[in-house]
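Peer 1: Would you mind keeping the following structure in view while I ask a few things?
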Amino acid sequence: MNGASSGGGGGGAGGDGPLVYQRWKGNNVFVLQGRFIFGPDARSLYVTMFLIIAPAAIFCVFVAKELMDNFSYGLGLPVMIAAVVFTAYDLSLLLLTSGRDPGIIPRNAHPPEPEGLDGNAEVGSNQTPPMRLPRVKDVVVNGITVKTKYCDTCMLYRPPRCSHCSICNNCVERFDHHCPWVGQCIGLRNYRFFYMFVFSTTLLCLYVFGFCWVYIVKIRNSEQVTIWKAMAKTPASIALLVYTFIAVWFVGGLSVFHLYLMSTNQTTYENFRYRYDQRANPYNRGVVENIKEIFFSAIPASKNNFRARVPVPQEQGLRPRPTNGFMSPNMGRAVGDIEMGRKPVAWDEPRMAAEIGDLGAGLGNLLEDKDSRFRNASPDLSRDALAIGGLDDQGSSVMNPGRTSWGVEAGR
């Protein structure tokens, strides 16, 4: 699924070309003409929102309202207001997590040139064979060597902590994971909101769970019955108790796990793949500094302007720049989106088209050379050739059966 907007076009007005989000190569979904960017599984947001709104609405109608109507001390109204505000806050964090650029690195139009390669060097048939780009590069981070990999899809060397999401088809800075519940990658620019969403959902579950018990206890005290009979009088409270008890184990456990990751400055991807408990973590700066980095540092601006116009050269197509004889790390075989498991395509189709054009021009020159030598041949040979070509020596037409106008047997 390409990046289609549900908010309409606007691209190409005045002949200026389409907008970036209309030509986006990732699998993202854009809303309101590129103002919001979601993952390809954005429909899962409806499920997530239902799982939050439905129990909150049941709580307000069957618990908070009853507390407000049947009991004194004005307890019900603040409980109702707090539940509504808390739910709205939780949903806003969900939108901030799923509807913003998580830290996508723009793709390169061409592969990078190998270091130390002369840009004016030309590679011919009698020169050194094409050289490959190195698959990995070493980068030093806080005195520790970190390997960065080349991305065939985005045609760039990923910065440290960057990874290519196979679902969104983008390289994302400080990639943590792709969350199906929010329908978006979790990365550098939305990890803070993701944790706040998970943690606030945990608090909302505890809030509903606690006040359901308050309501049951008040029923027991007012009617002087056992706790079991009081629970039987409010089935909605029982359902909410079971639901929030199960949900809090999920979102609460996730909150604790990510609190550990933040305190040690890890991502989910790094924790499961690299296991920093077995080697040094180059990003760990201490618990306080790690927490400050997540919550109190400025969020970097997006590297993508989705509502900008696509540059004219990219839209109309320019002559490809010289590749200087280097190849991708995977050039030995058909190369496409290798990481994505897509159908392989040609590595550099514009360059191949240019080479085919040069080959055609060379064949044309060869034919002209043969034609000139043919005209300078002996008269007898010339007459025979003319007869074969369809004219006799008097200039009349000669039709050779079984041959086309090009002198090639039909059906061959």
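Along the chain as shown, residues are numbered 1 onward.
For all residues, glycine too, the Cβ spot is worked out from N, Cα and C.
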Peer 1: Which one of these stretches, 113-137, 263-287, 313-337, 388-412, shows up in TrEMBL as region 'Disordered'?
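Peer 2: The range carrying the region 'Disordered' annotation in TrEMBL is 388-412.
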Peer 1: Can you work out which residues elsewhere in the same chain, 6+ from the ends of the transmembrane segment (193-216), have a Cβ less than 8 Å from its Cβ atoms?
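Peer 2: Long-range Cβ neighbours of the transmembrane segment (193-216): 52, 55-56, 59, 63-64, 66-67, 79, 82-83, 86-87, 89-90, 93-94, 96-97, 100, 176, 179, 182, 186, 227, 230-231, 234, 237, 240-241, 244-245, 247-248, 251-252, 254-255, 258-259, 262, 294.
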Peer 1: Any idea what the model's mean pLDDT is for the domain 'Palmitoyltransferase DHHC' (147-273)?
Peer 2: 93
